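Have a look at the structure below, then the notes.
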Amino acid sequence: MPNPAFSARIERMKLRRKGTSDQLRVATESISNQRYDGLEKYTLLEDVLHLSESWENRGKGDSAIRYIIGAMQPVDARYTEISFETASRIENQLSKKLAHNLDFRVQGSVPLDIHIKGFSDVDLLIIDTQMLMYDVNGGGSYSPTSRDGRDVIIELREAARDALEMAFPTALVDDNNAKSLRITGGSLQREVDVVPSIWWDTKEYQSMKREEDRGVTIIDKNTRERIYNAPFLHIKRIKDKCDQCNGGIRKSIRLLKTLKADSKDEGSDIDLSSYDIASLMFHADANNLNHSTYYELAVLVETHRLLNYLSQNYEVAMQLDVPNGTRKIFEKPESHVELLKLTEMVNSVVTEVLREITGRPTDFYANDKCDVLRKQMVY
């Protein structure tokens with residue numbers, strides 16, 4: 001029998017993964033008219049818009065199990081490809097219009113394939129190569145410059161803003177964010193955050209010359225504070241650990257991001273970022289996350305275990321680093337409340353899954369029942 005609570009969540013998840021009615025309207029127009037309207041390869045979505053995804057036929061009806069399985073899956077690769085192509089459109093315009101030597105990189109959820117929206121935002125780093133910051137303790141050889149990197153980044157930001165307004169006259173270029181520009185609308189079917197920056201050559205990068213060890217320097221335009229970040233090391237370390245567990249980390253991250261989105265839709269916002277959630281699950285047990293085909297509920301079991309342990313031992317949680325080691329995941333005591341909210345969402349859904357498996361509506365999930373879920377095949 002369908003579960004009304006999960007019927008609503010499943011419908012929201014379908015919309016999230018395939019797009020809102022307005023997004024689909026533009027997509028459909030692009031397909032039928034074969035217009036270049038932000039859907040860089042309109043044929044990519046021709047099938048996706050109308051066909052169901054494989055997870056929609058797994059489990060029984062609109063159940064907690066079907067919801068969990070669906071929440072773990074990547075969005076269709078054709079949506080993700082269009083996200084990258086939208087970033088490439090921005091890159092091409094900036095390359096042509098700016099008198100700067102620039103490098104471009106995509107960071108965030110999309111390159112990690114942990115986004116849960118078909119029409120996901122894209123984070124595009126634009127990196128001015130005329131100068132860089134470097135760790136003086138490294139072994140590299142550099143020539144000093146009299147230029148202030150903060151001025152270089154702010155000038156790049158202003159030039160990029162003007163170039164984007166010229167290249168995409170019907171789009172909105174928002175210059176209010178302290179660290180990035182945001183371009184939306186017009187012919188673009190993805191919101192793109194454009195992050196002006198320069199390279200930061202870490203000690204490790206100077207030694208090994210691996211790009212994952214190379215960082216970037218960005219600026220808070222309001223305070224002129226330099227912010228050093230290592231997005232490629234974040235991506236590399238999560239990918240490497242995910243490879244150890246048959247994709248289990250990505251599935252757990254998507255699951256938690258979906259629960260967070262549904263919590264907001266149901267009236268309770270959870271103030272943890274996508275970056276925080278990904279960093280949190282990086283500390284999960286890879287062996288526990290490892291699973292065979294059709295045994296994905298093992299991912300839910302480990303997600304439940306880790307969140308409950310950290311919620312009950314917050315002093316341990318506050319010692320955990322983000323994957324690239326640049327800061328702690330939880331930097332303030334108030335984050336405990338947000339972790340508790342997310343944990344409660346997991347606890348609620350894992351109990352519903354257990355009840356669907358056992359057929360006993362009074363069952364409550366506990367760690368001693370983990371094998372019931374781990375051994376359950378979901379076709």
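Just so it is clear, glycine is given a Cβ too, placed from its N, Cα and C backbone atoms.
Just one of S95, S109, S120 is listed by Swiss-Prot for the same UTP donor site as K257, S274, and that one is S109. Together with Q107, D123, K179, Swiss-Prot lists one candidate of N57, N92, N229, N246 for binding UTP acceptor, that being N229. When secondary structure is read from DSSP and collapsed to three states, K179 (UTP acceptor binding site) falls in the coil class. Taking the centre of the Cβ atoms of S109, K257, S274 as the UTP donor site, the nearby residues of that chain (Cβ within 8 Å, site residues left out) are G108, I114, H115, I116, I253, R254, S273, Y275, I277, A278. For the UTP donor site, whose annotated binding residues are S109, K257, S274, the maximal Cα to Cα separation is 11 Å. Comparing K179 (UTP acceptor binding site) with D193 (Mg(2+) 2 binding site), their Cα atoms are 9 Å apart once rounded. The binding-site residues listed here (S109, D123, N229, K257, S274) include D123 as those with a Cα within 10 A of the Cα of D193 (Mg(2+) 2 binding site). Rounded to a whole number, the distance between the Cα atoms of S274 (UTP donor binding site) and Q107 (UTP acceptor binding site) is 12 Å.
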